[in-house]
Each structure stands twice: as C-alpha cells, then as structure tokens.
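Here's what TrEMBL has on this protein:
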- Cys116: active site, proton donor (ACT_SITE)
- Lys22, Asn23: phosphoenolpyruvate binding site (BINDING)
- Arg92, Arg121, Pro122, Ile123, Asp124, Leu125, Asp304, Val326: UDP-N-acetyl-alpha-D-glucosamine binding site (BINDING)
- 7-404: domain 'Enolpyruvate transferase' (DOMAIN)
- Cys116: 2-(S-cysteinyl)pyruvic acid O-phosphothioketal (MOD_RES)
Amino acid sequence: MEKLMIAGGRPLRGTVQISGAKNSAVALIPAAILAETPVTLDNLPHLSDVNTYAEILSELGGEVTWNDDVMVIDPSRMKSIPMPNGKVKKLRASYYLMGALLGRFGEAVIGLPGGCNFEPRPIDLHIKGFEALGAEVTNENGALHIRAKQLRGAKIYLDMVSVGATINIMLAAARAKGSTIIENAAKEPEIIDVATLLNSMGAKIKGAGTETIRIEGVDAMHGCRHSIIPDRIQAGTYMIAAAATRGDVTIDNVIPKHMEAMTAKLQEMGVHIYEMDESIRVVGQPEYHSVDVKALVYPGFATDLQSPMTSLLCQASGVSILTDYVYSNRFKHVPELVRMNAKIKVEGRSAVIERSILSAAKVRATDLRAGAALAIAALSVPNGEVTEITGVEYIDRGYDNFVFNLSMLGAEVWRTEEE
Ligand SMILES: CC(=O)N[C@H]1[C@@H](OP(=O)(O)OP(=O)(O)OC[C@H]2O[C@@H](n3ccc(=O)[nH]c3=O)[C@H](O)[C@@H]2O)O[C@H](CO)[C@@H](O)[C@@H]1O
Ligand SMILES: C=C(OP(=O)(O)O)C(=O)O
C-alpha cells in the first residue's frame with residue numbers, strides 16, 4: 001500500500017484540467033449493457049472505480065477496449081452471470097449492474113455493494129423500484145437475486161431523493177413494457193448525463209434533471225458515442241484547495257452552472273472567483289469569513305464536497321457550522337483533522353469549526369472525500385511540514401491524476417510505499 005506525502009505551505013498556481021465525472025462514468029459503463037451493439041464513451045476519467053467496472057463488464061462477457069480517455073464497450077455477447085461476491089464489493093456503484101442486467105436479461109444476481117461506507121447506505125429504494133416494475137427480489141447470503149418474467153412500467157414515488165435509485169430505476173425501466181414515472185427523482189447533473197446516453201441508445205426518457213422523469217419502455221437499444229460530463233466534485237475540490245493555499249488556480253473543463261452552490265459559498269467567505277464559459281478562476285485571499293454550509297441534494301451544496309470544505313473552514317475567522325442533510329454521520333474526516341490541530345466538534349449532523357493553525361501529522365483517509373479533506377488540510381499546513389496520509393486507495397477511487405495535478409500547480413506532493 002502507498003501513502004501520500006504532502007509538504008504544506010505552497011500556494012497552488014496555474015491551470016488544472018478536470019476529467020470526466022466518476023459518478024457519471026460508473027453509471028454510463030453499466031448502462032452500455034442495455035445495448036446490443038458497441039457504446040463508445042469519451043472523456044473517461046482514470047480512476048480505480050472505472051478500472052474495476054471495466055473488469056466486471058469483461059467478466060460478464062463484454063468486450064471492453066480502452067485507450068486513454070476513450071472506452072469502447074461491446075455488450076453483444078454479455079450474459080447475466082451471477083456476481084454474488086468479488087469485484088462488486090469494491091465499489092458502491094456496482095448496484096447499477098442490477099438495473100442494467102434486469103433491463104436487458106430480466107435477471108441479476110449481484111452482491112450488496114461496497115465502496116465508501118462512512119455510514120450505513122441502504123438500497124431499499126432501488127429494491128422497491130425494481131419490485132414496482134414487477135421484479136421479485138430476494139436477499140440470499142448478502143446477494144440480491146432479482147428476476148422478472150416481464151418488466152412493466154409503473155408510477156414510482158421515491159421516499160427520499162436518491163441519485164442511485166433514480167438511475168437504477170431508469171436503467172431497468174428503459175426496457176420495460178409501457179410507461180414508468182419516477183416522482184421525487186434526484187436532479188443531479190449525472191442523472192441528465194445518464195438519460196442523455198440512454199436516449200442516444202434508443203431509450204425514450206423525458207424530464208431528467210427535474211423531479212418527474214417519464215420513461216417509455218423500448219424493446220431494443222443500440223450503441224452510440226457519448227462524452228462524459230466534467231467531474232463537479234473534483235472541480236470543487238481544486239477550488240477549495242486554491243482558496244485554502246491562498247493560490248490562484250484556473251479550473252478548466254468544468255460547467256460553471258454545476259458549481260453554483262460552491263462558488264456562492266466561497267464568495268461569501270471572501271474568495272475571489274471569475275467564471276468563464278468552461279473554466280473558473282479561483283484567487284485566494286489573506287482573510288476569510290466564517291460561513292454556515294448546508295449539504296443538500298442538487299442544486300444545493302454537494303455532500304461530497306462537505307469534507308474538503310471542512311478543511312478550508314478551519315481558516316475562516318469566527319465559527320462556521322457545516323450541516324450534512326444527505327448523510328447525517330459523514331464526519332470520519334473530523335478526528336483525523338483534529339490530529340492536525342483542527343478545532344472541530346461534531347454535534348448531531350453538524351460540524352462546528354473554529355479557526356485553527358493546522359500542523360502536520362500522520363493521518364488516515366477512511367473514505368474518498370475524507371482523503372481529499374486531509375490532502376487540503378496538509379496543503380494548508382504552514383512552513384513546509386510534511387503530512388503523511390494513508391488510505392490513498394480511497395483517493396484513487398475518485399481523483400484522476402491527483403499527485404500529478406497538484407504537482408503541476410506547484411504543490412510538494414509525492415507517493416511512497418507504506419512501511
Ligand atoms: C456512485 C454515486 O453516484 N455516488 C453518489 C450518490 O450515492 P448514492 O446514490 O448511493 O446516494 P443516494 O443519493 O442514494 O443517497 C441519498 C440519501 O438517501 C438515502 N437512501 C438512498 C437509497 C436508498 O435506497 N435508501 C436510502 O435511505 C441514503 O442513505 C442517503 O441518506 O449520491 C450521493 C449523494 O449525492 C453521493 O454522495 C455519492 O457520491
Ligand atoms: C461517496 C462517494 O462515492 P460512492 O457513492 O461511489 O462511494 C463520493 O464520490 O464521494
């Protein structure tokens with residue numbers, strides 16, 4: 001296992017290119033299962049979750065070829081092979097195999113997903129959705145067995161706004177008989193990206209990006225070419241890192257509209273931000289004000305950016321309160337930041353953050369965004385002190401070329417083998 005070493009105190013300066021979005025890629029790759037002919041995905045991020053998904057599709061009989069940021073998936077010879085264990089446990093988004101295999105083959109056996117388990121993450125809404133479409137679902141030794149003689153469209157109201165359940169139901173319903181309506185659907189940009197791909201493959205989906213999605217099932221779907229949207233969470237992480245190091249960074253290949261909640265919060269703190277068509281320049285300032293942050297579903301402030309934001313708020317005057325309304329316990333980064341001298345207390349679903357002078361320490365990332373939070377804290381430590389971050393495999397799930405990008409921005413950062 002490797003660890004990440006970061007010498008703090010250098011302002012980040014320059015331009016960083018943002019890759020395609022992880023949370024789109026891990027849905028678009030399994031979506032290709034629904035087609036009978038090859039699907040080409042452009043702007044693919046280099047992430048361990050993407051590698052794992054490519055391997056899973058190969059195990060299912062798909063032909064996956066991959067050259068830099070272009071992946072071609074030929075699903076014509078795929079079969080619904082049971083996957084109760086193994087690679088499906090390595091990532092959260094393996095749950096999309098359920099909807100995609102159910103849609104194409106009428107059956108799937110998939111182990112309950114793995115990935116970042118910062119708190120229990122149930123998939124009951126996915127299961128309810130499959131059942132509403134006429135599938136029978138049983139849990140046998142930790143693997144879901146899902147079968148339907150004929151999927152039939154249905155009206156499905158989601159009790160909670162769920163990205164995964166919305167996409168999973170879209171995947172299965174795309175090939176059901178008749179119409180499906182998803183009410184209280186998630187509105188994240190990744191939902192629109194998946195619907196766009198599915199429609200290019202011949203599906204009939206309307207309303208993605210609103211709370212009501214209508215899907216008219218089709219009998220067959222075909223291949224197409226699709227470019228993955230930019231990763232708004234990676235973009236937000238570099239925006240925070242630029243502010244935290246008092247740097248001047250242009251973040252390229254972003255959709256500024258997707259960043260509105262982040263941009264507004266940074267501006268409220270006093271960070272200077274300049275928006276262009278496909279890029280955002282972030283100029284750090286000597287002093288920041290405390291702010292209150294509420295992590296909400298899109299278009300609210302993203303929960304995936306609340307951990308990195310915690311590290312920046314350690315530099316604001318006064319007391320900031322950060323509340324996560326999506327995941328009530330997503331605070332595994334806090335005890336590690338406290339090791340770095342951060343003054344943070346967790347109260348219920350909030351972190352109460354006071355201005356702190358951070359110092360280097362040996363810390364452990366226990367999930368992907370906790371890793372990003374620790375890296376930002378390490379970059380902000382004054383005087384070149386070196387922080388050691390273990391658990392780098394989590395960071396590799398979601399950050400494309402992290403060390404390279406930070407180095408190009410002037411950070412002193414490297415990877416080394418853990419003793
Ligand atoms: C691969 C992917 O896209 N991951 C993202 C996705 O995860 P994921 O799709 O798993 O998250 P959801 O949007 O489903 O979760 C939202 C909330 O609903 C709850 N819930 C969800 C489903 C369910 O069946 N039952 C239930 O109770 C969850 O526990 C959570 O409190 O959206 C999250 C919220 O933006 C992000 O943090 C993740 O990065
Ligand atoms: C929680 C995340 O991802 P996943 O749902 O894939 O674990 C994330 O991207 O922050």
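Each residue, glycine too, has its Cβ placed from N, Cα and C.
TrEMBL does not curate its annotations; it predicts them automatically.
Here the domain 'Enolpyruvate transferase' (7-404) returns a mean pLDDT of 97 for the predicted model.
Counting in whole angstrom, Asn23 (phosphoenolpyruvate binding site) lies 18 from Pro122 (UDP-N-acetyl-alpha-D-glucosamine binding site) by their C-alpha atoms. Binding of UDP-N-acetyl-alpha-D-glucosamine is attributed in the record to Arg92, Arg121, Pro122, Ile123, Asp124, Leu125, Asp304, Val326, and the widest Cα separation among these residues amounts to 21 Å. Using a 10 Å radius centred on the Cβ of Arg92 (UDP-N-acetyl-alpha-D-glucosamine binding site) and all shown protein chains, the other Cβ atoms total 19. DSSP assigns Lys22 (phosphoenolpyruvate binding site) to a helix in the three-state reduction. In terms of local Cβ density within 10 Å, Asp304 ranks first among the binding-site residues Asp124, Asp304. Look at Pro122 (UDP-N-acetyl-alpha-D-glucosamine binding site): DSSP puts it in coil. Not one of the binding-site residues Pro122, Ile123, Asp124, Leu125, Val326 places a Cβ under 6 Å from an atom of ligand 2.
Taking a C-beta cut-off of under 8 angstroms and a sequence separation of 6 or more, Lys22 (phosphoenolpyruvate binding site) has the following same-chain neighbours: Pro45, Leu47, Asp49, Val50, Asp231, Ile233, Gln234, Arg397, Gly398.
Selection of the recorded positions Lys22, Cys116, Leu125, Val326 by a Cβ distance under 6 Å from ligand 1 yields, in sequence order, Leu125, Val326. Cys116 (active site, proton donor) is 11 Å away from Asp304 (UDP-N-acetyl-alpha-D-glucosamine binding site) when you measure Cα to Cα.
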